[in-house]
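In what follows, a structure is listed as structure tokens, so that the remarks can point back to it.
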2 protein chains.
Amino acid sequence: MSKVLNEVLLANREYASGFDKADLPMPPGRQFAILTCMDARLDPAKYAGLAEGDAHVIRNAGGRASDDAIRSLVISYKLLGTREWFVIHHTDCGMETFTNEIMTDLLGSSLKTASVDASGWHDCCEGPGSTEGKYINWLTIKDQAESVLEDVVRIKSHALVPTDIPVYGYIYDVKSGSLIEVPAATEAGKVG
Amino acid sequence: MSKVLNEVLLANREYASGFDKADLPMPPGRQFAILTCMDARLDPAKYAGLAEGDAHVIRNAGGRASDDAIRSLVISYKLLGTREWFVIHHTDCGMETFTNEIMTDLLGSSLKTASVDASGWHDCCEGPGSTEGKYINWLTIKDQAESVLEDVVRIKSHALVPTDIPVYGYIYDVKSGSLIEVPAATEAGKVG
């Protein structure tokens, strides 16, 4: 068993031994959802004050309003009753460090660069000339305030998103732990 | 300002006031990632013992290996150095309570049912006859052990996923807080 797997299972045994949340209902008690980045430095339960049972948390690379995030948000509203949503990107995001072109090049090359290790890939993706990475839109970010605004606008204008739901746009600052509003996004996320 | 927004901002001010994580690096310190459900009852940091900076956390409705989850995992490995992944679904998941057909019907109907409120939708989606919901695969779940296995297999066989990464399959039990292994999934997620 790997060190990480062993540590996770030990931590889980500890958590389960003091577990007192058996009776929480399925729908989020505080009726809201947060869409945010997968970044390891972010703990939405801590930075937004969530206890188990409070809110849906959707996370992906960048905290982007991908089709899959919208699938999750629509289920969150329609079946599980959330009535307010947050889009929260963050400073120093990995998604600012590359572009679709760079990612395609990385995946099509066997060169090792900075934090990149190209060993161990399927045959298709190793060696110069592979184009597999081209078929994914990596949803990179140039500017956080812009990406938050874009994503709030995309969510609000989606055909399956109800008109009566407010969407708030924020940036989490990894240096201070603070949430900073993106006023244009919150404005775009208003009801009506 | 809504009650929820006010509460989130107050909790964040509290978190930021004691913040001592300003120097965490971008790559996850413990070099792993967890793909799990958005469910409000799940707190991956608590159930798996994560501190800020430890691991990537990807969450969507069901914890499914959607294209977007795979986008996030490939970035997690390739640019940010994770080397082990977990797929963790859970008992009593909302994704077991409906099917693509039911969701399409709900979105195409103005009838109110159990936990569903059909008011406030864009014109396209209100009233019988709308078919907008048909164009999304909702990735519902019939059986948790099966969905975990399916998702591990999908991840391991994806063209952009490196062959040398182990993927562990678990179910989180919302009644006990425990992680329960899905041996067939962990077996399918083995290296080599």
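Cβ coordinates are placed from backbone N, Cα and C, and glycine is handled just like the others.
TrEMBL does not curate its annotations; it predicts them automatically.
As recorded in TrEMBL, the features of this protein are as follows:
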BINDING   B:Cys37, B:Asp39, B:His90, B:Cys93  Zn(2+) binding site
(Q) Using Cβ atoms only, which residues of the same chain lie under 8 Å from B:His90 (Zn(2+) binding site) while being at least 6 residues apart in sequence? (A) B:Thr36, B:Cys37, B:Asp39, B:Arg41, B:Leu42, B:Gly63, B:Gln144, B:Ile171, B:Tyr172, B:Asp173, B:Val174
Q | Members of the binding-site residues set B:Cys37, B:Asp39, B:His90 whose C-beta sits under 8 angstroms from chain A | A | B:Asp39
Q.
Give me the long-range Cβ neighbours of B:Cys93 (Zn(2+) binding site): same chain, 6+ apart, Cβ under 8 Å, in sequence order.
A. B:Cys37, B:Asp39, B:Gly62, B:Ile141, B:Gln144
Q: List, in sequence order, the residues of the same chain other than B:Cys37, B:Asp39, B:His90, B:Cys93 whose Cβ lies within 8 Å of the centroid of the Cβ atoms of the recorded Zn(2+) site.
A: B:Thr36, B:Met38, B:Arg41, B:Leu42, B:Gly62, B:Gly63, B:His89, B:Thr91, B:Asp92, B:Gly94, B:Met95, B:Tyr172, B:Val174
Q.
Can you tell me how many other Cβ atoms are located within 10 Å of the Cβ belonging to B:Asp39 (Zn(2+) binding site)?
A. 28
Q: Give the helix, strand or coil assignment DSSP yields for B:Cys93 (Zn(2+) binding site).
A: coil
Q | Neighbouring C-beta atoms (10 Å sphere around the C-beta of B:Cys37 (Zn(2+) binding site)) | A | 26
Q) What does DSSP say about B:Asp39 (Zn(2+) binding site): helix, strand or coil? A) coil
